[in-house]
Amino acid sequence: MRVLTLNPGSSSLKSSLVVDGSPVGWAAMSLDDVRDAAEQALGRWSTVDVVAIRFVHGGSRTGPVRLTPGVVDALERLNPFAPLHQPQSVCLAREVFRLRPGLPVLASFDTAFHSHLPEEASRYALPREWTSQGRLRRYGFHGLSCRHAARRVTELLDAGNPEFLCCHLGAGVSVTAVRAGRSVDTSMGFTPLEGPAMATRSGSVDPGLVLHVMRTAPMSVEEMEDTLYHRSGLAGMSGTNGDLRAVLAREATGNPDAASAVAVYLHRIRREIGAMAVSLDRIDAVVFTGGVTEHQPELIARLAGGLGVLGISVDPARCLGDGDRLISPDDAPVAVFAMETGEDVELARDAESVLSVEHV
Ligand SMILES: Nc1ncnc2c1ncn2[C@@H]1O[C@H](COP(=O)(O)OP(=O)(O)O)[C@@H](O)[C@H]1O
Ligand SMILES: CC(=O)OP(=O)(O)O
Ligand SMILES: [Mg+2]
């Protein structure tokens, strides 16, 4: 089966052609014009059996679905909960319907992988009346990436049910604790804003600070949303666009804001790794994945430099290799892997499984 995958991340649209489970072509495109990006992807790989789109938010959905205009309308209602991602996925789906009527279009959800989070990890300590309907809770994101890491770490360790930490470092950043192939805790929450600092997102901040600024600035909800999603994180701290290429280049010139931004970024990821570790009984492995892992592997060596207390260490030379690989020294207590982001492979797997059930 030939599956065209469309994965709108917060910094670019990744598009792949996956044939019978193997990616055979890949392109990253600007999301400045989502309709144009959809047209480019469909034009590049015109002979496909199905289009599979990543939606970060699926609400209470626990698995992939076939999209109809009605389902897309329902998913659009989740736009406010993932404003950097969900509107792009909705727009892509509508554009594929328009350009290729009759072509099956499927959606896979980041949130699905976390849909069995234990209550102590999914519940916020808020009034029961707020949380009792099960909507105001921690959902978790980057689920397709974690699911792929779970598959690969099981193959690479040749172990039944490894307990591991999945650190997804892209424009969005999250850390997830995985046991028995399931997410048992994760750093992103009700929205993909919670957790470590990201390219343009603040990550977690004391809600008391947000209340104070809204009261005293004063600031509208829209202005606060724009600040936390677009003008914070590495971008806000360093005065760049938040892309680590720009931040590291500025750090290398001795710029103190960029140096501080990288220090905060690394510290908050390490802190989250420490926090996630306690949700596991043991750490069989740590997986680093996402665009930063693929393109700035030297940063993984810097990050791991502060993780010795957890038995996590890497060999800087191994960090610089390619593909899915062990990057810890052979005698290290915890196996550390750098992996390619396999969201496209997971999208294609979901698409094949949904269509095969439909055709039974
Ligand atoms: N072609 C590239 N060359 C160097 N670095 C890149 C490249 N593409 C992505 N990156 C790095 O990956 C980060 C984005 O990660 P990615 O997983 O692509 O983000 P997202 O999916 O959230 O849009 C950027 O901050 C940048 O540091
Ligand atoms: C959920 C999320 O932040 O995704 P990405 O890293 O692709 O922007
Ligand atoms: Mg991404």
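Placement of Cβ uses the backbone N, Cα and C atoms for every residue, glycine included.
Around the Cβ of Asp110 (active site, proton donor/acceptor), 27 further Cβ atoms fall within 10 Å across all displayed protein chains. Annotated active site, proton donor/acceptor per TrEMBL: Asp110, in sequence order.
Summarising the annotation, TrEMBL assigns substrate binding site to Arg54. A 10 Å cutoff on Cβ-Cβ distances gives Arg54 (substrate binding site) a total of 27 other Cβ atoms nearby, all chains included.
Counting Cβ atoms from all protein chains shown, Glu343 (Mg(2+) binding site) has 28 others lying within 10 Å of its own Cβ. Per TrEMBL, Mg(2+) binding site is recorded for Glu343.
For His142 (among others), the entry in TrEMBL reads site 'Transition state stabilizer'. The Cβ of His142 (site 'Transition state stabilizer') has Asp110, Cys166, His168, Gly172, Ser174, Thr176, Thr186, Met188, Gly290 as same-chain neighbours under 8 Å, each 6 or more residues away in sequence. A coil conformation is recorded for His142 (site 'Transition state stabilizer') in the three-state DSSP classification, outside any helix or strand.
Annotation comment: TrEMBL describes Arg201 (among others) as site 'Transition state stabilizer'. Under the DSSP three-state reduction, Arg201 (site 'Transition state stabilizer') is assigned to coil, being neither helix nor strand.
Within its own chain, Arg201 (site 'Transition state stabilizer') has Ser10, Leu84, Gly172, Pro192, Leu193, Leu228, Tyr229, Ser232, Gly233 as residues 6 or more apart in sequence whose C-beta sits under 8 angstroms from its own. Contact annotation for recorded positions (His142, Arg201, Glu343) versus ligand 2: His142, each with CB under 6 Å from a ligand atom. Cα of Glu343 (Mg(2+) binding site) to Cα of Arg54 (substrate binding site): a span of 8 Å.
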